[in-house]
Each structure stands twice: as structure tokens, then as C-alpha cells.
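These notes concern the structure reproduced below.
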């Protein structure tokens, strides 16, 4: 049996079902490139020492070590931060395991999407989509975040922006994301990411961070650290505005 479990965005978010699976699994693996994971929690529950797998292990080598465990008739678990299949990072491994006759179960966890909207007090019913602010690839910045925010602003919808992870495993800090967004504005020139654009930043959710509501330009000198997510509001209702300003450590002027 192969389980993929989500342990939530930070310590204390693991579900009882995920904890029980860790207690019973023969092989426990985890990855920390899609999000920060609390390894101490894994060690506390797992009966065997957790093994870290890199992106290369899971993608380039198609989860070879997981499949080797399964081939010995043992139960394997792969733990991820947040909700394991909110993105499709591990869909290929599920397909491979099933094609070889292994049973697979996905155990959901608290996702960064739900947690960010809960922490920021914004309505998830107004979420118009999710994009990722990425570092340039080959010197080119992806326009996807710009285009999605532009579409959602026209419809009065919120946009959730995830932030990239560097090749060395360092999570993009909000100041880098703000710089990239402003560079996209310099290129596109349609008034989507100007310095005065109000954004909600949710840094280190569950690790002591609190949401910040402020103009995009003020993040250039920010010391907020990653991992973090941005929400670009598509227009705040009076209730949303009052709530986010009450919860936020910083407020737009």
C-alpha cells in the first residue's frame, strides 16, 4: 500500500489519520521542495526514520526508492507539506504505482490555499485562480501571474499567488516577488502591478507569521521571509476590509 499524506503548512496541523499512517508504515519518505515540512513531527509519529527525497528522486528517478519499498511487500508513505495533491507534483508517481498494481491512497491535509484565506479573512468564494511568481527561466519572466491578476481584477475576483522555490531549496521572499511583479509591469505597462497595488502577504503561515496588507511597492524593502503567498484582492467588501485590517500587522495607507 502506498500513501501520500499532507501534514499541513506547519507544526500542529497534522491530522489524526495522517499520524496513524505514519505509525504503521514500513517506509516513511518526505519531500520539502514543494513546501516546508516539520520533520520533527514525522520523527515523533513514524516507527521508522523518515527519509528525505529530492525533486530528482521523485521526478527524474520516478520515485525509485518508494517503488523499491513497495516491491518488497511493504507499506510506503510519502509525506508532503500542506495538501499533497493540491498541485500535481506527485501525480506521475501515483500513476506509476497504480500501473504496477499497488493500491494508492491520498490523505488530504490543510492546504495553503484554505489556510491563507482563513488567515487573511478574505472570501474564498471570490478566488479567481492561482498562479506562481517564478524566478526568470533563461532570462525570461513568466507573464502568467500578470495576466491572471489582470483578468481577475476586471471581474472583481481575488488572485492567489504562490512564490517560487530556488534550485537550492530557498523559498522566494516577498521582496523578490514584489521586484519581479514590478518588472512585469515595466514590460507589460497595463497598470496591474504598480507600486500602489494593495496586496495581502501571508508569510510563514503556521510558523509565527501574520498577514500583512500593504501596497506592493512597500515590500521592496521588507524583511518578511519565505515561504509566503500573496493574495491580490479584486475588490474588498466592507466586511473583508474591516477584518483584514484588524488581523494585519501592516495596513495599506
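Residue numbers in this text run from 1 along the chain shown.
The backbone N, Cα and C atoms fix where each Cβ goes, glycine too.
The structure displayed is predicted, hence computed values, not measured ones.
If you check Swiss-Prot, you get these features:
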| type | residues | note |
| --- | --- | --- |
| BINDING | 83, 86, 111, 112, 163, 205 | S-adenosyl-L-methionine binding site |
Q: Could you check what DSSP calls residue 111 (S-adenosyl-L-methionine binding site) once collapsed to helix, strand or coil?
A: coil
Q: Rounding to the nearest whole angstrom, report the longest C-alpha distance spanning 83, 86, 111, 112, 163, 205, listed for S-adenosyl-L-methionine.
A: 17
Q. Residues with Cβ closer than 8 Å to the Cβ of residue 205 (S-adenosyl-L-methionine binding site), same chain and 6+ apart in sequence?
A. 9, 10, 112, 115, 116, 119, 227, 228, 229
Q.
Fewest other C-beta atoms within 10 angstroms of its own C-beta: which of the binding-site residues 86, 112, 163 fits that?
A. 86
(Q) To see if you understand the setup: which same-chain residues, six or more apart in sequence, place their Cβ under 8 Å from that of residue 111 (S-adenosyl-L-methionine binding site)? (A) 6, 9, 82, 83, 86
